[in-house]
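Remarks on the structure that follows.
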């Protein structure tokens with residue numbers, strides 16, 4: 001072993017070699033080559049194994065060589081003198097360099113062998129991988145082979161079935177030829193029979209055809225007559241419907257009492273349980289002298305209908321649904337709500353988003369589109385155009401405007417040669433269904449001017465006017481109609497002491513009260529049949545001229561509050577509504593061609 005070889009190497013100091021006189025140069029020369037060969041073998045073996053251990057052996061061998069070289073006393077065959085130490089040292093250095101060169105060569109050979117061994121191990125690993133891959137491929141080939149064997153068996157079976165079917169086909173072809181011959185003979189007989197049957201059948205069918213044509217002609221005449229009767233019935237229905245509305249009055253007034261929050265109806269408002277058209281305001285007055293008892297003064301009012309605080313939105317709309325129907329018959333229809341701030345005008349006209357609490361405007365739009373759809377079966381086609389405008393501080397504002405506020409156009413009321421009232425630069429939207437109109441109403445509500453007052457947290461500070469222009473055409477009857485449905489939510493009337501308006505709110509209140517006052521003046525002029533009616537005194541009356549001037553069916557809601565401290569405002573609202581109810585503006589006519 002390497003350790004045993006190393007233990008046999010003589011390790012001598014340089015002093016001992018120099019002083020030894022018994023050492024034989026010939027033995028030294030014989031010993032060094034043999035030890036060098038042993039060192040090569042040991043170095044080669046040890047470098048393959050442990051590097052640290054090989055270095056230890058190398059140093060021991062070098063010490064041994066140095067010792068023998070000192071014993072030899074020089075290189076070559078020339079023996080140096082004992083006193084020539086410098087020459088001996090030079091010889092020893094030459095031999096050391098020679099052996100170092102050989103050791104370096106041996107190390108290089110060892111590195112080459114180690115690299116070869118690593119390459120061999122790498123090739124072995126690659127060969128093992130290839131072998132494993134080839135084994136996998138062999139297994140796949142074996143699986144495919146088993147599959148192909150199964151396919152071969154199936155192919156043999158299919159071939160056998162094919163031979164059997166070919167034999168059956170051959171038999172069927174023979175039978176087919178026999179049947180074909182039989183068919184030819186039967187076709188000849190059938191053709192003969194058809195000729196005889198066709199002649200008799202043709203005569204019978206010709207008679208039946210003449211009878212059917214006569215029946216169809218009679219049915220067409222009946223259908224035409226029924227269409228005429230249906231049209232006549234529709235015209236009669238419209239005439240009767242509008243006659244009923246005219247008998248009720250072209251300006252109708254409904255009164256609606258707002259419920260009190262968490263309380264019963266105030267005692268100063270009295271509603272008769274058996275009379276739905278009257279309302280009484282009772283006021284208790286104290287004696288000025290204090291000697292007599294308190295006296296009660298009653299103010300009685302009568303309208304077309306009075307709704308108590310428990311009336312639902314559906315109940316209110318049912319009373320005006322026939323009036324809304326007149327819009328599709330070609331009549332202009334106007335509905336507006338009047339009353340003090342907080343009396344429920346906006347709730348009556350617009351309501352809430354829930355189905356049961358929807359107001360007059362969304363319910364009227366729904367009825368218009370549903371009725372138009374039914375009339376479509378009778379040949380009518382309708383187009384609808386919607387607009388929404390507000391009158392704020394005697395200025396017109398487009399509530400459907402979606403552009404920049406700085407570029408908002410100015411609007412003016414114009415009257416055409418046909419007495420139609422229009423507004424310049426106003427947004428007119430074509431609509432075809434209820435949802436589109438409700439979307440425009442929602443946009444208008446976002447743009448409308450509201451503010452907080454002492455009487456209402458969200459008081460409308462402007463008059464809003466929603467108009468739906470309707471054009472209908474019945475091409476089959478060559479009939480056209482044109483009308484406008486106008487729904488108005490007036491701003492609330494209020495007194496300065498109660499509303500406590502200041503600054504901008506006071507300016508708004510003044511404009512609101514002024515326009516409502518002018519509305520009362522116009523109504524009075526119409527009621528007194530005066531020759532001049534001051535429509536142009538305010539933007540509100542000028543815009544509603546078509547609704548108030550005679551060619552329109554008009555309905556006014558007067559909304560009142562039940563609180564006792566609003567007695568004065570309630571009395572003023574009912575007196576104004578009573579004056580409107582007494583107004584006669586003539587008979588409205590349909591815009592039909």
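A Cβ is built for glycine as well, from the same backbone N, Cα and C atoms used for every other residue.
The feature region 'Disordered', as given by TrEMBL for the ranges 1-27, 28-54, sits at 1-27. Every protein chain considered, the tally of other Cβ atoms within 10 Å of the Cβ of residue 346 (ATP binding site) stands at 24. In the shown protein chains, 23 other C-beta atoms lie within 10 A of the C-beta of residue 342 (ATP binding site).
Look at the binding-site residues 339, 341, 344 and count other Cβ atoms within 10 Å of each Cβ; 344 has the fewest.
Each of the binding-site residues 340, 343 was ranked by the number of other C-beta atoms within 10 Å, and first place falls to 343.
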